[in-house]
Amino acid sequence: MHMEPGNDSQCLEFLLLGFAEDPELQPLIFGLFLSMYLVTVLWNLLIILATISDSHLHTPMYFFLSNLSFVDICFTSTTIPKMLVNIQTQSKAITYAGCITQIHFFVLFVGLDDFLLAVMAYDRYVAICLPLHYMVIMNCRLCGLLVLVSWVVSFLHALLQSLMMLWLSFCTDLEIPHFFCELNQVVQRACSDTFLNDLVIYISAVLLGGGPLTGILYSYCKIVSSIHAISSAQGKYKAFSTCASHLSMVSLFYGTSLGVYLSSAVAPNSHSIATASVMYTVVTPMLNPFIYSLRNKDIKSALRRLYERER
């Protein structure tokens, strides 16, 4: 049975195999993912509320952080609710339209995570290497422009990837060994030529994944040499501590996502990819607000003030 794109494709359903085949484990997985999802949404919302309501946090760094928190809420909302519904209804199906939509938003928010982490690295670079010019360089206009460009580029890339999915034909092997419609996995299920799709995925991974990462590494090379030039140990510690939270987030996001893609190159169909993907699709967005709020006096006091105002 051969399906032409735009013809019978609308009737297609993919099967998301998820994690455990064992039905007894499903309630445990449901509870675990629901609690992780709720923690992610609540903590990231708290960060957004704190940065909006507290004038002390009206600085470029916290403006970017609140944008990252918003993206992380959307990022997890792209995959987890559908997975929870599937466990609850004991169904593994996702429609063709649902799958393409999920791919679009997943690619959009992964791209935004990438770009925002790079923008935050640039902010730290200006703060530490050019402290006297910080307020002039990181003005409201530039901050808004950096976020806008991140959104536009990520949206256009996501649109390109999802439109290219529409050209593919799918036959009978529609089982995806994952808990969401992951771009590579869905392309591998196509029974038409996927050369162009693979090429675009590869090129965009190099440009849109490697580009921001190169920017982050360059920023940190400059930051490290600036910190090295500071004479007092206290000054060094103070300068480094403003970067520590961001560095933790970058390590977590890139470490886990690169790990997933390297493991998928070695074992394309294994369930371990789905498990590894949980790290950067669920755990990283959940930990980001903790990393920032636990290490950061400004956020802690803003949250405290927010709590006291609500009482």
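Every residue gets a Cβ built from N, Cα and C, even glycine.
Keep in mind that TrEMBL annotations are predicted by a computer and have not been checked by a curator.
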- As TrEMBL has it, transmembrane segment corresponds, among 2-21, 62-81, to residues 62-81
- Task: State the non-local partners of the transmembrane segment (93-122) in its own chain: residues 6+ outside its ends, Cβ under 8 Å from one of its Cβ atoms.
- Result: 9-16, 61, 64-65, 67-68, 71-72, 74-75, 78-79, 82, 86, 146-147, 149-151, 153-155, 157-159, 161-162, 165-166, 170, 180-183, 186, 208-209, 211-213, 215-216, 219-220, 246, 249-250, 253, 257
- Long-range Cβ contacts under 8 Å made by the transmembrane segment (239-261), restricted to residues 6 or more beyond its ends, are 110, 113, 117, 120-121, 124, 127-128, 205, 213, 216, 220, 223, 226-227, 230, 273, 276-277, 279-280, 283-284, 287-288, 291-292, 295-296
- Query: Looking at the transmembrane segment (199-218) and the transmembrane segment (273-294), are there 3+ C-beta pairs under 8 A, with each pair at least 6 apart in sequence?
  - Reply: no
- Residues sitting near the transmembrane segment (62-81): Cβ under 8 Å, six or more positions beyond its termini, same chain? 33, 36-37, 40-41, 44-45, 47-48, 51-52, 102, 105-106, 109-110, 112-113, 116-117, 119-120, 123, 143, 146-147, 179-180, 281-282, 284-286, 288-289, 292, 298-299
